[in-house]
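Undergrad: Please find one structure pasted underneath; my questions will follow.
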Amino acid sequence: MVTGIDFLKSQNTQQHHTDGYNIKNLVVRRGQPFLVQVSLNRELRPADKLSLRFGIGENPMKNRGSLLSLKPEREDFNGWKISVVKKDGKECLLSVTSSPNAPVGKYNLHVKTATNIYKPENGAIYLLFNPWCEDDVVYMADEAEKKEYVLNDTGYIYVGSAYSIYDRPWNFGQFEEFILDACMYLLDKSKLSLNDRRHPANVSRAMSALVNANDDNGVVLGNWSGNYINGTSPMDWIGSVTILQKYYKTKKPVRYGQCWVFAGVLNTVMRCLGVPSRCVSTFDAAHDTEENLRVDIYLNEKGEKLNSLSFDSVWNFHVWNDVWMKRTDLPNGFDGWQAIDSTPQEQSQGRFQCGPCPVKAVREGDVYLPYDSKFVYAEVNADRVYWVVKKVNGKDKYFKVGTETQEIGKNISTKAVGQNRRVDITREYKYPEGTKEERMSMQRAYSFLRPSGLMPRSGYASTIQTMGGNIQPLILKEPVTKTGLQLEINNTEALHPGNPLEMAITVKISAPGNWTVDLTGSCQLQYYTGKVQANLGTIKETINLEGPSEMQIPMKIAPDAYMKTLSSVEDEVLILVTAIAEVKETNDKLTKETSMRFQYPPITVQMPEIAKLYNDFTCAFIFKNKLNVILENCKLLVEGLGILKMTTFELGDIMPGRIAKSEVICTPTRLGDKKIVAKLISNQIKGISTEKAITITE
């Protein structure tokens, strides 16, 4: 009879790179041996029968493959094997190797001897994907990459706009208490068959559906309305831990998320299950509902963007995830990174899920491959067409004032391996604009997409018949104007809330001659989804240029024009400047838009660089309000994995020039390099974040 079992947790978890999980049970990776020490009431004899039984699910049965009965030295069972390492009196050391394509999940271990069955305490073993095992389809050769994409529990999500990208620190926290259990709950909830649980493609697709709450009571409820009264504003999260812990406790969707929250949580879930994963941000991402690879932007005669006409939109940024795997379900050549997206945008096979879509398929234009490659392709490759809506005899008429073919899907970004910096991975998603490969890839994609002809397709314009059939994209480069007309938009002073916004539109002409240019410019506040929140001001000027030359036209917006809107919205808003130029003599038209973010004073963190395990240290956060406005209802959110649980300081109002200081006592509970992340939010400012690193030693 068995009298006890030792799961040799510290030895096994070090070998399996699972020593980080904050859980009593043994966590191991598939396809790799782990040791179990079995204590018996007497020495083991040759005639004795001993078997380890691993059961998964509610009612494990051998014929369904959900119950594995393993006997030492016997041929393997479903790719699992077990052997006796050594016998020492009443002690017996066994080595168990699971199959490298075993279903992932929670197995219960019982030991059977003759007619006795021994059920150990904490006998549930968690089996995960194994990027360290060459026979696992998630195998990743590079050690530094595994450290980043599987084991790093902190990172950044890149947001802002293509003109001003910034990093938002995010705590993934895949090793924190209850996170692994939350992931196991999601696996059970996904109703994936045991066979489907073997394949990371199926698991990642299911998780992309479950991280949003849209059709399955999943983790996060999306909300882009600007009203977050009965929940947490999407801007107020600094990591996935609080969200997944709350979800696991209540089993109800957590309110509220926007794309970076969905991506942050999905990244935690995939890393937690052992699939290498990274957050990917695309700037100027197309959200196009009709797969016609075109996003129509409508402007009024003042050059202001109109919300109401467009079904499709360009988001300043959009964040999804890439997961690493071999695609055994596809033809050769599509292994490696696969895009998955849990932001609920549109349904795929009846659920709000997206991916896995091979990143190589997006680059090569193979948009027929599963899953959702047409959708991902359009997000990074659409054209943006500008239309001005004018009233002619009482009816709306549309005039095309510009086409941009190289502006969508820019600066695709993720965190660098082993370094705290942004790395541009656009080349993994697309060939350089204008190359032969890019043209081939585009024609390949178009042959599967069949986009319609170039007609405006707002709700009002849908009565116009478009030309059907396969129209090849003829405009492969920016349309060259006769005068070489170009527009540039930038800010001439720092964009601090409470100060005037000082910007400039530069008009350039390269052709010699006298030219008259009508310039229309507008400034608006918009959400990152492209939705306009407020019109701040417009300019209309006619300028004369003696080509080749350029002229800078200033545009200034007083604080009164925008501060009220800024204080009343719950989201971070961007400054959108749109310019339309028309050359009278040649009828050349050009439209350009740029989004910029406000600039904020920093938070300073003061703490030691090194601290000892379980020895308290003080951490201070200092913020000086260098702006000309009162910051109302300030809150400081602070979290440090393995150092400090999520803490909120209510700071009240901070007057211009005043300094706010908060202190907290931290107790490190884990060794190694750790980080503290802090974020300040107020009515006027939504996201000043910072972080500071510390090394915890013994």
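One-based numbering along the chain as shown.
Including glycine, each Cβ sits where the backbone N, Cα and C put it.
So TrEMBL lists the following for this protein:
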type     : residues                       : note
ACT_SITE : Cys259                         : active site
ACT_SITE : His318                         : active site
ACT_SITE : Asp341                         : active site
BINDING  : Asn381, Asp383, Glu433, Glu438 : Ca(2+) binding site
DOMAIN   : 251-344                        : domain 'Transglutaminase-like'
Undergrad: Listed recorded positions are Cys259, Asn381, Glu433; which of them have CA atoms within 10 A of the CA of His318 (active site)?
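TA: If one measures from the Cα of His318 (active site), the recorded positions that come within 10 Å are Cys259.
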Undergrad: How many whole Å apart are the CA atoms of Glu438 (Ca(2+) binding site) and Asp341 (active site)?
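TA: For Glu438 (Ca(2+) binding site) versus Asp341 (active site), the Cα atoms are 24 Å apart.
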Undergrad: How many other Cβ atoms are found within 10 Å of the Cβ atom of Glu433 (Ca(2+) binding site), counting all protein chains shown?
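TA: There are 15 of them.
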Undergrad: Among all protein chains shown, how many Cβ atoms are found within 10 Å of the Cβ of Asp383 (Ca(2+) binding site), not counting that one?
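TA: Other Cβ atoms within 10 Å of Asp383 (Ca(2+) binding site): 21.
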Undergrad: Round to the nearest Å and give the CA-to-CA distance linking Glu433 (Ca(2+) binding site) with Asp341 (active site).
TA: 25
Undergrad: Write out how many residues of the domain 'Transglutaminase-like' (251-344) are helix, how many strand and how many coil, based on DSSP.
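TA: Summed by class, the stretch gives 15 helix, 40 strand, 39 coil.
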Undergrad: Of Cys259, Asn381, Asp383, which recorded positions are close to Asp341 (active site), meaning a Cα within 10 Å of its Cα?
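TA: Cys259, listed in sequence order.
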Undergrad: Measuring CB to CB from Asn381 (Ca(2+) binding site), give everything in the same chain under 8 Å that is also at least six residues away in sequence.
TA: Ala286, Leu293, Val362, Ile408, Gly409, Lys430, Met442, Ala445
Undergrad: Are there any residues in the same chain, six or more apart in sequence, whose C-beta is under 8 angstroms from the C-beta of Cys259 (active site), and if so which?
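TA: Once residues fewer than 6 apart are set aside, Cys259 (active site) is near Trp315, Phe317, His318, Val319, Trp320, Thr343.
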